[in-house]
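Now, the feature entries from TrEMBL:
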- 1-20: signal peptide (SIGNAL)
- 32-237: domain 'Neurotransmitter-gated ion-channel ligand-binding' (DOMAIN)
- 238-262: transmembrane segment (TRANSMEM)
- 244-331: domain 'Neurotransmitter-gated ion-channel transmembrane' (DOMAIN)
- 298-326: transmembrane segment (TRANSMEM)
- 426-445: transmembrane segment (TRANSMEM)
Amino acid sequence: MAPVIFLLFLLLSVAPGSMSLDMKPKKSALHQLTKSLLRNYRKGVRPVRNWTQSTMVYIDFITQSILEVDGKNQKMTLSVWYRQIWNDEFLVWDPAEFDGINEISLSFDVIWVPDIIISEFVDVGSSPDMPYVYVNSSGMIKNYRPIQVVSACSLEIYAFPFDRQNCTLTFRSWLHTVNEVNLTLWRSLEDVANDKSAFMNEGEWELISVPSRYEQLHLDSRDYAQIQFNVVIRRRPLLYVVSLLIPSLFLMIVDVMSFYLPANSGTRITFKTSILLGYTLFRVNISNELPATAIKTPLIGVFFAVCMALLVLSLAKSILIVKLLYHSEKPVKDMSVSACLLDKYGSYSQSIKDGGGQSRGYQFEVSPKVEMTPSSGELSKNILLEKILREIVALKHYLEQIDDAGSMTVEWLALCYKLDKFLFRLYLFILAVYISVLCSLWVIWSSP
């Protein structure tokens, strides 16, 4: 009995261990495949069995959005979908040996990756980290990832807000020559240029096309393969036309209408001064909306500066006209009746004595002297009549002088009004020609 109990005890003590051995998980086919591929893999070696054969890297480029166009620093930020495909001869397997697995994902850090860079790259963008790539059984590796590119770009802001930009992104290998790493497009040139399926088309910029070309860069007696993508974009001008150009044109139209105010009143000068101050405030408020560039001033900036100069010229013209008008009226207004009488009395009384009572417009006939001795009463009466006659002649001359001054004032006013009309037409002509030239340029630039 004792031996039986001992055997049962041994069986019970050994059975749990054997069961635990049988319950250990078997390694999956994916784990075995990954381990098999990376067992003797060297990521620092270009994955070709014949070292004279170049590694062909396929590149695809899809523009997603335009994030920023910085005219002052001459750089552009855009978001793109970037696809990079190449063949690794050391990552090949038979799917039948690994449960039919045809494609796996491997870490980006454990395999060889071509050193493709963007030549115009100037800053690190906020690109998401994508640590894996896809590898299929034939050794084809697919590296798909979104990237945010901050690249240097020669931006031409002169035609703002009707400007069109052409920014270049050049992909090439940093170290490998064309005999080691060669580049080509994954899709055709037409498909890459006209692909707008992923572009977010509701922003300020409109994507026109993305033409590309392949070329070889000769540097230090070596040839490097590179593919150049030209991102051609155009600004949508409606926002800037409504917020910048139309208010400016309205102020200029109001300034032109102010010429119909009376020229001999201060209302026109006050009104034009208010327009000039309002336009200055408008310029200050829109200064942040204009693109800043260190190369040349945008045409719209020149437009605003010329408009302000025209407003100043219009104000100066009105001041000149008012000055001429009041300059002609002042001598007449300052001259009193008594001053004119005292100034002209002696000369005209003398002319009566010398000329026998003749004056302009009237002739006074004096009867011939009679050789008789007048009485004292008649003598005093003659002296009184002579004084009255002198006063009447002086008063008549003063009234004629006032009439002459009034006619001269009327003629001077007519001349000033004609000058005002001429300057207004000249101002209107300059303004019309200037606006027509600008509008023609902007229409040409905004055409497809």
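In case you wondered, yes, glycine gets a Cβ from its N, Cα and C as well.
Nonlocal intrachain contacts for the transmembrane segment (426-445), taken as residues 6+ away from its ends with a CB within less than 8 angstroms of a stretch CB, comprise 159, 162-164, 237, 249, 252, 256, 259, 299, 303, 306, 310, 313-314, 317.
Outside the transmembrane segment (238-262), and at least 6 residues removed from its termini, the chain residues within Cβ reach (under 8 Å) are 160-161, 204, 268, 271-272, 275, 278-279, 282, 286, 289-290, 300, 303-304, 307, 310-311, 314, 420, 424, 427-428, 431, 435.
For the domain 'Neurotransmitter-gated ion-channel ligand-binding' (32-237), the model gives a mean pLDDT of 90.
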